[in-house]
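*Asks:* Please read through the structure below; I'll follow up with questions.
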């Protein structure tokens, strides 16, 4: 041990010298690279003449960033990472996780339950609106969608690129049925789920024989078909205009959130009129729906059907050799996943009060799938964290007004949303190829519950 | 060996075939993989299917277990209770579920990301599915599923002990050494509660000690659960040691059928394995007679 520390000290001087050298070369390389690209700029002046602008200051910034970055990386970052790795290797038997880590999901649920009152206390009734609606509800919708898709992709291993179709079916079921027949939210919520599940089966039948890439392409097409039907079937869906004036949900019919209604929530409790109460109610509603999704998923995983899904992901032929009907197993995965998409869709309609096909583009499917993959396929906690990071993070960009002071008043951070989303995805995938939670929790055990490393689980191929 | 020969004798007298393959043919395009094959597997016996590479053994297996639909022929499975199933008409999963025929694979197909215990629980899918009222009653938390669930873990434990895997029950199946994976695959097949077990090269890639453990496992399966076994095997020590009845295939046709001793000395079999021209068979027969004599003297000294 003393030997090692000695070499470390001796290496200290060398390291700084090496870092200086590497920093210098990095600066030199970037100077060579950028001198023409950044240092000189050609623009047209008003007489259509080409003028050469010199931007030596900007070039200097580029070179300094490269040189200093290289120096810091070699001198400090790398030794620190190596030391951390060595420290982690030195004490691998540290089985006891911290209290926070062990009870993460419970703490998170409690924190979510107290989230709206805390926001109201911090920012006032009107001020909390943004935090409850833009952040809380928005993230929870994606958490629920990702948990629903997780059943299809994470557990059963069926790559579904058209999940947003079920979200659309749920949203339009609520929007159209509530307007046509005047049914309340609490009747239409299960109905939207059932209709979405039915469409899940309709998608399931033709793709039963497909695997991998072929399955992905057909599900993608299915998602587009639903969207195009919504656009073009104008007599029913009103096409691109969308359906507006969708009635609000009520607290089980006891209190309404319509301003004119006699049993208005704010009136009943003698509170000042505000739309924040409705948003807080919606927050708890989507929280309950998301938790229902998680509960059902956890229960199903311990049931034969859930185990059959995971077995299907691991090896379909072996499943058949064990007497498992893979047709019904796949169809149940599709339909139960779709059902939760339908629930989320009807919630979406009730929250927006307006649905149009624009909300159900392929990008939505891609984001939901990205959340599932980033979170770690099959892991509920990982997916929730991924949804919070991806959706909350991009939402947070709107709040970064201070960036305008740096980059000038024309800078709108929201426009960089997808760029940062993509960068974050690449970073996470390099750093954790199996997502935030790569290991799998076994559903049954004899002596101790040991997490199954991601090296053994398969991603599914069909 | 003597015991094995005895059971053969008694069983052939009663003649109670569990599986009857009649005039089975399988054609892949222009290739006749199996040509008019007929054989029987007796109840309570271990029947071995052997033959050189490419003889069509695995194709027979895939026909029996429904993974291929045969071009021609009839495969009848008769259960202990007397119920008969025509396997060539059934889907692969129905053959396991209803006809109670289980199988393993030449290249092991475990659920590597599930634990060893979970692998065995997946195998009890149909039983648990019924107990959970096709998931609906189980989701509501009714006690029937809890009992069935506890029982399924007991069954899994029983087979884990038999396969000497109880220590590794909570490890991922993909983490087991090769020999243990082979045993686990057999244990998993047994958890489906089969009457007839088809093993595709169970001893392939095993070292002699693991091979011995496998023999022991197969014998105990036959003795304790009364399951009949059909196995494909290249390892002759396994075949001769445990099988009661051997069927030899070459180019999709049966060339010999009988007790291990009978087959071992069948000139056609030796020709097939050593690759002798048809007109040289006579010579081979003479050679065998010489070998058989010398073996006889050796056997006496044993």
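Just so it is clear, glycine is given a Cβ too, placed from its N, Cα and C backbone atoms.
Found this in TrEMBL, in case it helps:
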TRANSMEM  A:20-40  transmembrane segment
TRANSMEM  A:56-77  transmembrane segment
TRANSMEM  A:107-127  transmembrane segment
TRANSMEM  A:139-169  transmembrane segment
TRANSMEM  A:181-202  transmembrane segment
TRANSMEM  A:214-233  transmembrane segment
TRANSMEM  A:240-257  transmembrane segment
TRANSMEM  A:277-298  transmembrane segment
TRANSMEM  A:331-354  transmembrane segment
TRANSMEM  A:366-394  transmembrane segment
TRANSMEM  A:415-431  transmembrane segment
*Asks:* Looking at the stretches A:107-127, A:139-169, A:181-202, A:277-298, A:366-394, which one shares the most CB pairs under 8 Å with the transmembrane segment (A:240-257)?
*Replies:* A:181-202
*Asks:* Same chain, outside the transmembrane segment (A:107-127) by at least 6, Cβ under 8 Å from its Cβ: which residues?
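*Replies:* Those are 100, 136, 140, 272, 274, 276, 280, 283-284, 287, 291, 381, 384, in sequence order.
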*Asks:* Within the same chain, where does the transmembrane segment (A:181-202) have neighbours whose Cβ lies under 8 angstroms from its own Cβ atoms, ignoring anything closer than 6 residues to its ends? I mean 6 or more beyond.
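*Replies:* Apart from its flanks, the transmembrane segment (A:181-202) reaches 165-166, 169-171, 173-174, 226, 247-250, 252-253, 331, 334-343, 345-347, 350.
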*Asks:* Need a quick answer: max count of Cβ pairs under 8 Å to the transmembrane segment (A:331-354), which of A:20-40, A:139-169, A:214-233, A:277-298, A:366-394 is it?
*Replies:* A:139-169
*Asks:* With the transmembrane segment (A:139-169) as the reference, find which of A:20-40, A:214-233, A:277-298 contributes the most Cβ pairs under 8 Å.
*Replies:* A:214-233
*Asks:* Apart from its near flanks, which chain residues at least 6 from the ends of the transmembrane segment (A:366-394) lie with a Cβ under 8 angstroms of it?
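*Replies:* Sequence-distant neighbours of the transmembrane segment (A:366-394): 104-105, 108, 135, 138-139, 142-143, 145-147, 149-150, 153-155, 160-161, 163-164, 294, 297-298, 310, 417, 420-421, 424-425, 428-429, 432, 434-441, 454, 457, 459.
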